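Copied over from Swiss-Prot, here are the features:
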- ARG94, LYS98, HIS100, GLU120, ASP121, LEU122, ILE123, SER124, THR125, GLY126, GLY127, SER128: 5-phospho-alpha-D-ribose 1-diphosphate binding site (BINDING)
- SER124: orotate binding site (BINDING)
Amino acid sequence: MAKNIAKALLDIEAVSLSPNDLFTWSSGIKSPIYCDNRITLGYPEVRNAIRDGLIQLIKEHFSNVEIISGTATAGIPHAAYISEKLELPMNYVRSKSKSHGKQNQIEGAKSENKNVVVVEDLISTGGSSITAVEALEEAGANVLGVVAIFTYGLAKADKTFNKAHIPFYTLSDYNELIEVAKDEGKISLNDIQTLVDWRDNLS
């Protein structure tokens, strides 16, 4: 499954590799990879494969889930597809509380005393995922873990999740993506080393 998802992300250009002309992330980090999984929303076949893959991860690792929770905003549609298929309640978590109305950070199903799985689109450092986890826990939820489409495989993410005692699982990862890109002739051996070095140095 990891290989198929990586191939799909490359084919629809949800993930772009540019070892010699680096992208600039919003954080200012210079990177040879850019991932925008929102592009998957425009491809029903890919979108459904992601939904079914994430459901498989949830059933394997978090079978006692009661609520599916999406991270705002990119995790929300995937959480909606999953909750619809599993016939489970859903909510979503903002990065911070609203400044008006009831000032809710969590919208949708009530999480108190419920087993919740968080759905992310992408894991880089893990910070946004854990922000959502902490908001849910403050609301009384029992967060079982996080599932996501893709991870860069940064050591910092592992540390972030381990510190919070939250397991996470992804459909595909950076190593698988590099392997698929190599097999399809999208990158050279020198490019591979550049990509690996970037990830290792950033970790």
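For all residues, glycine too, the Cβ spot is worked out from N, Cα and C.
What you are looking at is a predicted structure, and each value in this text was computed from that prediction instead of being measured.
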Rounded to the nearest Å - Cα separation of ARG94 (5-phospho-alpha-D-ribose 1-diphosphate binding site) and SER124 (orotate binding site):
18
Can you check what DSSP calls ARG94 (5-phospho-alpha-D-ribose 1-diphosphate binding site), collapsed to helix, strand or coil?
coil
Would you count the other C-beta atoms found within 10 angstroms of the C-beta of GLY127 (5-phospho-alpha-D-ribose 1-diphosphate binding site) for me?
13
Please identify, from the binding-site residues SER124, THR125, the residue with the sparsest Cβ neighbourhood, meaning fewest other Cβ atoms within 10 angstroms.
THR125
Return one of helix, strand or coil for the residue listed as 'orotate binding site', based on DSSP.
coil
